[in-house]
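A.B. asks: Please read through the structure below; I'll follow up with questions.
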Ligand SMILES: O=P(O)(O)O[C@@H]1C[C@H](O)[C@@H](CO)O1
Ligand SMILES: O=c1cc[nH]c(=O)[nH]1
């Protein structure tokens with residue numbers, strides 16, 4: 001069903017501007033896939049989103065998308081979609097409700113509110129990676145242009161009052177390495193996880209206008225596990241002491257790590273590889289130098305998560321010229 005029109009700009013490596021360190025300059029313009037095989041497919045089934053470039057008219061459904069907001073939990077992203085309806089003054093016709101476009105797959109949720117997509121990514125890098133591939137292909141098939149990507153998450157902070165908003169300027173793995181390592185064809189490939197500094201600073205300026213909480217920019221450590229991987233003593237297993245834990249957390253804090261979560265490395269690496277402008281904005285829900293357990297009330301957690309949503313909503317409104 002999809003129309004071909006201006007679709008499928010061919011990828012040329014030279015199209016991607018890089019600095020001397022190999023950092024790709026993120027840019028506006030059409031979404032380009034760095035995969036020559038996609039155009040050879042008779043049909044591209046986006047299995048986990050329950051969409052296909054043949055069965056769905058993706059340009060008609062998604063061609064106006066400019067902002068994609070990811071977050072771990074399906075409920076949070078549904079709530080964010082409803083919040084964006086209000087923020088963008090969108091009229092939902094009588095008798096209609098916002099619906100989960102990917103309801104047939106039962107893996108992720110996907111809501112569209114005007115030019116905004118709200119997508120859940122589940123927990124951890126494997127889950128994030130799958131939905132990122134499929135969302136990027138969706139944007140490509142839909143001929144979207146000038147798209148920005150955001151991850152709105154939660155994290156454990158280091159020396160920060162819970163509720164602080166951290167904007168990631170670089171994502172690192174559990175060994176402080178700034179790239180995502182992926183086993184591909186029996187080789188370990190390293191994909192650098194750079195983020196767009198200008199976007200970080202713009203979001204920080206928006207966040208800082210609200211003085212009831214702090215908005216800071218720094219490094220985010222991304223781990224493959226919530227418990228031992230994040231130096232917690234309260235998992236089902238633990239082979240280290242409280243002193244070992246604190247020494248590790250203080251060491252990474254001294255190297256500029258402000259928070260720890262589980263998806264930033266993949267999100268940043270994949271957005272960088274696609275040369276799409278992107279940002280990661282997480283509230284902290286515990287100070288890991290004080291505690292492992294997350295004991296804040298549900299209301300408190302909702303309030304903290306709302307801070308990231310409000311900052312991104314203000315950014316989107318500003319860029320859509322909505323007063
Ligand atoms: O964005 P969310 O809050 O889902 O991400 C963090 C990282 C893990 O997926 C999860 C662990 O509680 O929260
Ligand atoms: O401590 C935390 C809190 C949220 N998410 C994490 O990955 N770690």
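Every residue, even glycine, has its Cβ placed from backbone N, Cα and C.
Those TrEMBL annotations? Automatic predictions, nothing curated.
Checked TrEMBL, it gives:
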- 107, 151, 152, 153, 154: phosphate binding site (BINDING)
- 230, 232: substrate binding site (BINDING)
- 66-317: domain 'Nucleoside phosphorylase' (DOMAIN)
A.B. asks: Quick one: Cα separation, residue 152 (phosphate binding site) versus residue 230 (substrate binding site), in Å?
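C.D. replies: Distance between the two Cα atoms comes out at 20 Å.
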A.B. asks: Take the Cβ of residue 232 (substrate binding site) and count every other Cβ within 10 Å, whichever protein chain it belongs to.
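C.D. replies: I get 19 for this one.
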A.B. asks: List the binding-site residues 107, 151, 152, 153, 154, 232 whose Cβ sits under 6 Å from any atom of ligand 2, in sequence order.
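C.D. replies: Checking each Cβ against ligand 2, the ones under 6 Å are 154.
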A.B. asks: Among the binding-site residues 107, 151, 152, 230, 232, which have a Cβ atom lying under 6 Å from any atom of ligand 1?
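C.D. replies: Result: none.
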A.B. asks: Between residue 151 (phosphate binding site) and residue 230 (substrate binding site), what C-alpha distance do you get in Å?
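C.D. replies: For residue 151 (phosphate binding site) versus residue 230 (substrate binding site), the Cα atoms are 20 Å apart.
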A.B. asks: Between residue 107 (phosphate binding site) and residue 230 (substrate binding site), what C-alpha distance do you get in Å?
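C.D. replies: For residue 107 (phosphate binding site) versus residue 230 (substrate binding site), the Cα atoms are 26 Å apart.
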A.B. asks: Among the binding-site residues 107, 151, point out the residue whose Cβ has the most other Cβ atoms within 10 Å, with all shown protein chains included in the count.
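C.D. replies: Buried the deepest by this measure is 151.
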A.B. asks: Determine, to the nearest whole angstrom, how far the Cα atom of residue 230 (substrate binding site) is from the Cα atom of residue 154 (phosphate binding site).
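C.D. replies: Approximately 14 Å lies between the Cα of residue 230 (substrate binding site) and that of residue 154 (phosphate binding site).
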A.B. asks: Kindly assign residue 152 (phosphate binding site) to one of the three DSSP-derived states: helix, strand or coil.
C.D. replies: strand
A.B. asks: Could you round the CA separation between residue 232 (substrate binding site) and residue 153 (phosphate binding site) to a whole angstrom and send it over?
C.D. replies: 19
A.B. asks: Does anything in the same chain, at least 6 positions from residue 154 (phosphate binding site), have a Cβ under 8 Å from its Cβ, and if so what?
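C.D. replies: Within the chain, residue 154 (phosphate binding site) has Cβ neighbours under 8 Å at 72, 261, 282, 283, 284, 285, 301, 304, 305.
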A.B. asks: For residue 153 (phosphate binding site), what residues in its own chain, 6 or more apart in sequence, show a Cβ-Cβ distance under 8 Å?
C.D. replies: 71, 72, 261, 263, 264, 280, 281, 282, 283, 308
